[in-house]
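Take a look at this one; I'll ask things after.
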There are 2 protein chains.
Amino acid sequence: MSELAARAEKLDAGDELAGVRGKFVLDTVSDHAADAAGVYLDGNSLGALPAAVPGRVEDVVRRQWGELRIRSWDESGWWTAPERIGDRIAPLVGAAAGQIVVGDSTSVNVFKALVGAVRLSGPGRDEIVVDATTFPTDGYIAESAARLTGCTLRPVTPAEVPGVLGGRTAAVLLNHVDYRTGRLHDLPSLTAAVHAAGAVAVWDLCHSAGALPVGLDEHGVDLAVGCTYKYLNGGPGAPAYLYVRREVQDRFDSPLPGWNSHAEPFGMRAAYEPAAGALRGRVGTPDILSMLALEAALDVWDGVSIEAVRAKSLALTDFFLECVAAYAPAGRVESVTPEAHAERGSQVALRCDDAGDVMKELIARGVVGDFRHPDVLRFGFTPLYVGFGDVERAARVLGETLRVRAGNG
Amino acid sequence: MSELAARAEKLDAGDELAGVRGKFVLDTVSDHAADAAGVYLDGNSLGALPAAVPGRVEDVVRRQWGELRIRSWDESGWWTAPERIGDRIAPLVGAAAGQIVVGDSTSVNVFKALVGAVRLSGPGRDEIVVDATTFPTDGYIAESAARLTGCTLRPVTPAEVPGVLGGRTAAVLLNHVDYRTGRLHDLPSLTAAVHAAGAVAVWDLCHSAGALPVGLDEHGVDLAVGCTYKYLNGGPGAPAYLYVRREVQDRFDSPLPGWNSHAEPFGMRAAYEPAAGALRGRVGTPDILSMLALEAALDVWDGVSIEAVRAKSLALTDFFLECVAAYAPAGRVESVTPEAHAERGSQVALRCDDAGDVMKELIARGVVGDFRHPDVLRFGFTPLYVGFGDVERAARVLGETLRVRAGNG
């Protein structure tokens, strides 16, 4: 056993989250070649299946829908699922209850949040600042929100944000963790800068929620959105969520005022009157199957602290970088993920000229990460089910793959 | 056996759709008192569970998500589900393939369609006409669309629509079937009137799709939306759909241009460029569990023509009205659903002073319809699984309930 493999064994033995892995459905060794037993490092794209989900979904389909049918809207708690599940997510992102509703896609929630943010901002403010390096959908939706609210869109790098804020700034949309590089942006200081300029701060938490502490309440974030199918393991296309800070809820004015956000949804009134609280972030009928699968998926967090997750996440990515340095041919890959812990999310992105082909080979050998155009190998580390042995094995397989491709295998 | 019960038996024996009932999970007699074995007349709110769904959902959860995980986006056809399932719905609403995408809620799709419609309309047009009697969410969303596009909202009754159309009319949003009264509006002539005024026609098909022929292509409808959890039996909160007529697809300009609607979604480009065709109606990551449950649910339509469904639907509602007239105390209930077939959807709404309490008693006796504020008993007839025996039994139980409440039982 190599020194790194021995270290991995020791780290796994001391891992306080090791027991959580059993709450997920993961590959067994026999699924793949023995030297690379299923290492899933793509949980930042689609989280693995929590073991409690299939049974719960079956109950929702067969009993709640099949037998109770329409009665389930009350009796099975369907109607209140968006806010109930929002309250389950709340502690993971540092929010008190009553500020998050689940539903719709991330893109749709970005739209609600940005138009809502512009309307929350003061008069004379007509500029939306957006992270130019963000996941594209945020930029596209921001452009639409700007167009529909008569604002100008100003795309800048996150580092440039403080310098462009001013009296015209209505809202600022930022990603907490960059989807490509894994860079963690400084939410507290950027939020403070946005507020100092009198603008409204909107954060996209897709790549941070469930991987590290966010502290929405503590840092005074106004609005936030996030998906639930990455580190929250809610399933493919599981509904996203919207956080509306308690202090701005009364003034939050959604551009998608569907009947589910009405103060009296079954009053069937011609005039719209928004519900109190976070509920005004709801829109139409919630997609119950996807939503209740997510609810079951959140059970894996029982007894897990996000601080413990963060500590393990940093240990995993540190160890991966160390193993890659040891196993990969010198200069063959280069990390574009920041070294500093304060600037690192829960992924490692390696620049590699032939990244597309390399990732195909890794996947064929059971090490699943993903390729991001044009030259990035992306590896996500979900501390709930990834162990240090996985990390060592993934780096080793990567090293072997790179050597073989270079003819040195 | 009463004359009506005998008639029901004969009608059921001659029902060419009788065999489709077996494709659904429905109550057995033992679930309820024998005189009222589970009659589900609320399929216009939540369709019953198609028997093929539970197994399909289990496969999606356990194998596609649990084992294949991220690979399922390609290998299990997740990525193309919105347009593939749209093409399954297309023949039911009279649309050729390539014009419908599934995803998001009805409310969100109304928003896409209405803002898109205003943008399709000519210059100088700044008024959105909306059915004032519509399901409230359409009115709320129309108000938001008007506000964001600088239009005025003009709510009128459907009968008034032709009279208010003019050079200022940008778009007209109408419901095909009124959710409360069950009135079927004249889609061909209203669409023609909208076009004659140079405006864009948007139809909400929630209460007609799957119950009667719609003829979107034939009648030149520009944009349409609908839900899939009523007569299409897709499950609670199953994703809605958007129809964008082929001729206007190139100019359709969505207010929700998420990355799924990009010409090259995985190019991760900073600049938005819409996909060709109906795909530009997509937004964010599709909710796969709900969506693939819907896909399985659509299997019940194999070999079923919408014309046969319509014929049976009218026979069912005719027979129900006849049975109610025979069984209910005179003057105790009054149908607000039009007599004329050309004006009737697939439901019967009965005005009844104590409708809320009456419906509670009906449900307790296994006859499930719903109550619509303030005084409407609403019964939906899904021809795929409701038979004439059900209809006779429901009317009989209603008659008995009304007599008991009047002290004549």
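Here the Cβ of each residue, glycine as well, is placed from N, Cα and C on the backbone.
Whatever TrEMBL says is automated annotation, not expert-curated.
What TrEMBL lists as pyridoxal 5'-phosphate binding site is B:Thr106, B:Ser107, B:Phe135, B:Pro136, B:Thr137, B:Asp138, B:Asp204, B:His207, B:Tyr229, B:Trp259, B:Thr285. Residues or ranges marked as N6-(pyridoxal phosphate)lysine in TrEMBL: B:Lys230.
Help me picture these features in the structure, burial and contacts included.
Cβ neighbour count for B:Thr137 (pyridoxal 5'-phosphate binding site) (all protein chains, 10 Å cutoff from its Cβ): 28. Look at B:Thr137 (pyridoxal 5'-phosphate binding site): DSSP puts it in a helix.
Residues within less than 8 Å, Cβ to Cβ, of B:Lys230 (N6-(pyridoxal phosphate)lysine) and separated from it by at least 6 positions along the same chain comprise B:Gly43, B:Asn44, B:Ser45, B:Leu46, B:Gly47, B:Cys206, B:His207, B:Ala209, B:Gly210, B:Gly380. Classification of B:Lys230 (N6-(pyridoxal phosphate)lysine) by DSSP places it in coil, neither helical nor stranded.
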Given the binding-site residues B:Thr106, B:Thr285, and counting only Cβ atoms in the protein chains shown, which has the most within 10 Å of its Cβ?
B:Thr106
Quick check on the binding-site residues: of B:Phe135, B:Tyr229, whose CB has the lowest count of neighbouring CB atoms inside 10 Å?
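Per-residue Cβ counts within 10 Å for the binding-site residues B:Phe135, B:Tyr229 bottom out at B:Phe135.
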CB neighbours of B:Asp204 (pyridoxal 5'-phosphate binding site) within 10 A?
27
At its widest, how many Å does the recorded pyridoxal 5'-phosphate site span between Cα atoms of B:Thr106, B:Ser107, B:Phe135, B:Pro136, B:Thr137, B:Asp138, B:Asp204, B:His207, B:Tyr229, B:Trp259, B:Thr285?
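Pairwise Cα check on B:Thr106, B:Ser107, B:Phe135, B:Pro136, B:Thr137, B:Asp138, B:Asp204, B:His207, B:Tyr229, B:Trp259, B:Thr285 gives a maximum of 30 Å.
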Hey, does DSSP put B:Thr106 (pyridoxal 5'-phosphate binding site) in a helix, a strand, or just coil?
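Going by the DSSP assignment, B:Thr106 (pyridoxal 5'-phosphate binding site) falls within a helical segment, counted as helix.
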